[in-house]
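TrEMBL annotations:
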- 79-98: transmembrane segment (TRANSMEM)
- 191-214: transmembrane segment (TRANSMEM)
- 266-288: transmembrane segment (TRANSMEM)
- 300-317: transmembrane segment (TRANSMEM)
- 363-381: transmembrane segment (TRANSMEM)
- 387-408: transmembrane segment (TRANSMEM)
- 420-443: transmembrane segment (TRANSMEM)
- 449-469: transmembrane segment (TRANSMEM)
Amino acid sequence: MNESMDRILMKLRIAVDNRQQGSEAIMGVSNGDEYVAVGESPSPERRNHARKVSVLPLVFLIFYEVSGGPFGVEDTVKAAGPLLSLVGFLVFPLIWSVPEALITAEMGTMFPENSGYVVWVSSALGDYWGFQQGWMKWLSGVIDNALYPVLFLDYLKSGIPALGNGVPRVVATWGLTFVLTYLNYRGLTIVGWVAVFLGIFSLLPFVFMGLLAIPDLKPSRWYVANVDDIDWNLYLNTLFWNLNYWDSISTLAGEVENPKKTLPKALFYALILVVLGYFLPLLVGTGAVPLNRELWTDGYFSDIAMIVGGVWLRWWLQAAAAMSNMGMFVAEMSSDSFQLLGMAERAMLPEFFNKRSRYGTPLIGILFSASGVILLSWLSFQEIVAAENFLYCFGMILEFIAFVVLRIKQPNAPRPYKIPGGTAGMIIMCIPPTILICVVLAFSSFKVMVISLVATAIGLVLQPCLKFLEKKRWMKFSVSSELPDLDNEDNIQPLVH
């Protein structure tokens, strides 16, 4: 009898342990160094698969979410000349990047979970608008990501002409998408350290170019401006595209080691890296060669490298540009896929989006994001940038509103990092970037506006459809028990890491 009782107690203890491990697995919480799936016991083969992301990889993940280096900034010189180009990459970060990074630091530490900006909007405005935020930001991210395999092949086609068009280009695009998607599948820690390597490799040729160009620099070239000949649409869209997406890292907050300290620190370092990574190469490029605005378009930095350092520097810079596109792809896909997982944890998407691979990565989210990239890869560069900016602008307006509303509705909620200045100061801080958003939207073409509005309308209908499926129990939705209750201010506590 005693032996029977002992066996029963032992089984109960095992069941409790397995249930605790399952709860941790749902949220991607590491058990020591080990990822434990629902109902599974730890195994030696799966050790270290769910390590949290530390500061240095997070800095470079943010760097690639936002920038990836100065590749693609050349159009600002073509659009407005050297002076406004240089001023733009100093002033624009103050108007846009700094407020967005500060808001991300405060809200990301307030809600350190993988739904990121989605849960900010849900907490402030309700689940309906939270879903719209998730739809628009995920779609803009996927549209943005469709650009990088295309740009990667554009840098290679000069050496391999077959990649310029036709079947070889399609096969190469799909093959590259598959390889980079597999990196995301293998784990965020791997992606983070790949981003570190690619970031250093991508920036080093500009360091050498700057040193070699010192004797040829002529400061008078930096002051050239012609206010009567400015393409404001190209200028603003290029600046905006190269300096946004600071909030994307919030969808990885649930995978960050000690996010309340790590996230603000990483955002600060990444902001410095991004601004210097744009400004210094532009300073060198515009000062080292005579100005011809028509030549300043995508890839012109490789021509400057040829003039300054010769063939070896040009090849290095072209390789760096190609690698940079890889880094931006894997960073963007990480955010997009973890966002879908986070929305499933909040019951905004069906429960199967919550499924993780053996490496702790969001399996269904990765597959959906990769499929979207392949479907959208036919768009042109200009259409991708404009459509992405349009959708992104709508999402940012919701974020600003949610940020201010939460300051008013929940002033005492725990905020491990809080922007000083009070509610009035926060409203004032949000005014300049909101005006900028309106200007960017005003310059959008009719075609891009129609496509973007149709995409937005799909989200407005999709959320009620999902709720109908949930009501009919045709799909399963569930909120993770590890997440705080958004309806109770006292329960909004940062997750323990």
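Glycine too: its Cβ is placed from the backbone N, Cα and C atoms.
By the Cβ criterion (distance under 8 Å, sequence gap of 6 or more), the transmembrane segment (266-288) is counted as touching the transmembrane segment (79-98), at least 3 such pairs being found. Here the transmembrane segment (79-98) has long-range neighbours at 66, 73, 221-226, 229-232, 234-235, 238-240, 242-244, 246, 271, 274-275, 278-279, 282-283, 286, 291, 293, 432-433, 436, meaning same-chain residues at least 6 beyond its ends whose C-beta is under 8 angstroms from one of its own. Remote same-chain residues near the transmembrane segment (420-443) are listed as 95-96, 99-100, 102, 232-233, 236-237, 240, 389-390, 393, 396-397, 400, 403-404, 407-408, 411 (criterion: CB distance under 8 Å, separation of at least six residues from the stretch ends).
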